[in-house]
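For reference, TrEMBL has these:
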type     : residues : note
TRANSMEM : 30-56    : transmembrane segment
DOMAIN   : 88-302   : domain 'ABC transmembrane type-1'
TRANSMEM : 92-114   : transmembrane segment
TRANSMEM : 121-142  : transmembrane segment
TRANSMEM : 186-203  : transmembrane segment
TRANSMEM : 234-254  : transmembrane segment
TRANSMEM : 281-305  : transmembrane segment
Amino acid sequence: MSRTATAVPPQGTPLRRHGSTKIKYRTRGLAWAFMAPLLIVNLLVIGGPGLASFFYSFTDWDGLGAANFVGLANYVELFTSPAVLSAIQHNLIWTGFFLVVPMSMALLGAFLLSRVRRGQILFRVLFFIPYVLATIVSSIIWRQILSPTAGIGQALQSIGIDWFADTNFLGDPALALGSVAFINNWQWWGFLLVLFLAAMQGVDPALYEAARLDGANAFREFWHITLPGIRPTLMFLMLMTVIWSFLVFDYVFILTQGGPAGSTDVVGTVLYRTAFSENRAGYASSMAMLLTVISAAIVLGYQLLRKKLKWEV
């Protein structure tokens, strides 16, 4: 009986899979083909105006006429202007408020709601409704509620409670910024709650069961299981909150337009007023570049931290 010799590839030699490689490159090429139109539109719609703003930030352009090169004069004025420095301070206060108050409310609310077995979908919808309301609608509603002549203060006074009698929440420089932040928080925290709740439902239930067997209470479950389990989502939403806090404009502009006496001014409202009321588009472009650099630095810092700690989002 003769034996047929069979060639066996030496150990350690990888097998070539031409078919899978071709499919991989074909799939990647197809993905780029589908993304190309959107990328081109983004480059034209976002990249074009962005480059134009960068150029005009070195000029004295008024928005219509010729643009004269002024070098770094706009940036020197930017970092020495009391109005801009005050606006940046308000943005930082806004950031601190939204990193603490809505984040804490959303985390606590999501944790409590995750333990609800019935009606959870109803609660999700109720908490999410403020987020889907148009900003102008929410602003008009809250302006009426906080009105010193026909708002909550007058309603309480009619039943003998004088706590907020004649209190002008949006007209008092000491209360205006906090009042606008409160109104914006009413819209924002429900959005955070829904995302936190979705992340919590992705945590392995076996971890909670094991913790209960070990005698852990609700606080220990939250601190040692829930928070580590939703850490990527938590950090991503903190990133979104910080960026959004520096880009905030709508609620401030609709409710107070930066007043009274600049007490609610943020960089966005100063930029708008500079560009469209003072007709200093070149100087306003330097403010836009400042916001762009701040946002890019925040995103870059987050990406470096995520890679260092090996987070997966």
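Glycine is no exception: its Cβ is also placed from the backbone N, Cα and C atoms.
Because the structure is a prediction, the values reported are computed rather than measured.
Taking every listed stretch (30-56, 121-142, 186-203) in turn, the largest tally of C-beta pairs under 8 A with the transmembrane segment (92-114) is reached by 186-203. Within its own chain, the transmembrane segment (186-203) has Cβ neighbours under 8 Å at 98, 101-103, 105-107, 109-111, 113-114, 124, 127-131, 133, 135, 138, 142, 225-226, 229-230, 233-234, 237, 241, counting only residues six or more beyond its boundaries. Only residues 6 or more beyond the boundaries of the transmembrane segment (281-305), in the same chain, are considered here, and those with a CB under 8 A from a CB of the stretch are 50, 53-54, 56-63, 67, 70, 74-75, 77-78, 84, 235, 239, 242-243, 246-247, 267-268, 270-272, 274-275, 311. Tertiary neighbourhood of the transmembrane segment (234-254): same-chain residues 91, 94-95, 98-99, 102-103, 107, 135-136, 138-139, 180, 183-184, 192, 195-196, 199, 227, 264-269, 272, 291, 294-295, 298-299, 302, 305-306, 311, 313, selected by CB-CB distance under 8 Å and a gap of 6+ residues from either end.
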